[in-house]
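Visitor: So TrEMBL has the following annotated:
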type: DISULFID; residues: C37-C252; note: disulfide bond
type: DISULFID; residues: C86-C95; note: disulfide bond
type: DISULFID; residues: C100-C106; note: disulfide bond
type: DISULFID; residues: C156-C241; note: disulfide bond
type: DISULFID; residues: C161-C224; note: disulfide bond
type: DISULFID; residues: C169-C187; note: disulfide bond
type: DISULFID; residues: C191-C200; note: disulfide bond
type: DISULFID; residues: C201-C211; note: disulfide bond
type: SIGNAL; residues: 1-24; note: signal peptide
Amino acid sequence: MASPLCASLFCFATLFLLCSFAAATQPGLILTLVNNCPFTVYPAIQPNAGHPVLERGGFALQTLTHRSFPAPTAHWSGRIWARTGCTHSNGHFYCATGDCGHRIECNGLGGATPVTLAQFSLHHGGHKDLSSYAVSLVDGFNVPMTVTPHEGKGLCPVVGCRANLLATCPDKLQLRSPPGHGPVVGCKSGCEAFGTDELCCRNHYNSPQTCRASSFSEFFKHACPATFTYAHDSPSLTHECASPRELKIIFCH
């Protein structure tokens, strides 16, 4: 017959093992990319400086499929976008929008604009596990995109742009492929289309006081108010969600 001390030790050891198992199996933050577009997209993931590349930076995602993977357990920030109009033949890979050096796996490279961008800063906030996220049309638009958090606490809205702006993009902002006569595959920002300091918020215009909305950014803002549309747009468009279990990035939501 076990002594009370041995019984207590056994209970403690059992409880410790159960707690350890629960901690080991407790799921962390999951990132899920969902392709609701009627064509294959090639998601691209670029970390900010000093952060690791996730999923080798890019992959193919067929229509009506998704791909989930764990977010880093430490602080991570970066951006995600969709590459469209991609062709892969004779060892050559190229995308009409969002191309990253003609690679399937971007491995940290940025993409060619115009693209719809989702921006993230995960696991920050000191004593709170916060995930910040936003959708930006500052670099133009190529596909509708939303970010949908699940099981978070606090203010965790769905944000993004559900409208297909390729159908309404002003002539001066249209990116066509093939150039000139092909279908519209992207909608450029005013900065990319005209390159002025004022539209690009550069030099004298690079401050919240001097960087202003333009008729071009207002086109994007009118269609998709829950997105950034110029460099010094309202900081309130970035949302902080406490401890979400999953963040879904949905293309063609």
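Positions of Cβ are set from backbone N, Cα and C atoms, glycine also.
All TrEMBL annotations are machine predictions without curation.
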Visitor: For a quick check of packing: other C-beta atoms within 10 Å of the C-beta of C201 (disulfide bond), how many?
Guide: 23
Visitor: Sorry to bug you, but what's the C-alpha spacing from C169 (disulfide bond) to C224 (disulfide bond), rounded to the closest Å?
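Guide: Here the two Cα atoms lie 13 Å apart.
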Visitor: What Cα-Cα separation, expressed in whole Å, is found between C106 (disulfide bond) and C161 (disulfide bond)?
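Guide: Roughly 24 Å, rounded to the nearest whole number.
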Visitor: What is the nearest of the disulfide-bonded residues C86, C95, C187 to C161 (disulfide bond), using the Cα of each?
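Guide: Comparing Cα positions, the candidate nearest C161 (disulfide bond) turns out to be C187.
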Visitor: Report, as a single number, how many Cβ atoms besides its own are within 10 Å of the Cβ of C156 (disulfide bond).
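Guide: So the Cβ neighbour count for C156 (disulfide bond) comes to 21.
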Visitor: Tell me the Cα distance separating C187 (disulfide bond) from C95 (disulfide bond), rounded to the nearest angstrom.
Guide: 15
Visitor: Which residues in the same chain, at least 6 apart in sequence, have a Cβ under 8 Å from the Cβ of C211 (disulfide bond)?
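Guide: Spatial neighbours, sequence-distant, of C211 (disulfide bond): C201, Y205, Y230, A231, H232.
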Visitor: Roughly how many Å lie between the Cα atoms of C241 (disulfide bond) and C169 (disulfide bond), rounded to a whole value?
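Guide: So the Cα of C169 (disulfide bond) lies 32 Å away from that of C241 (disulfide bond).
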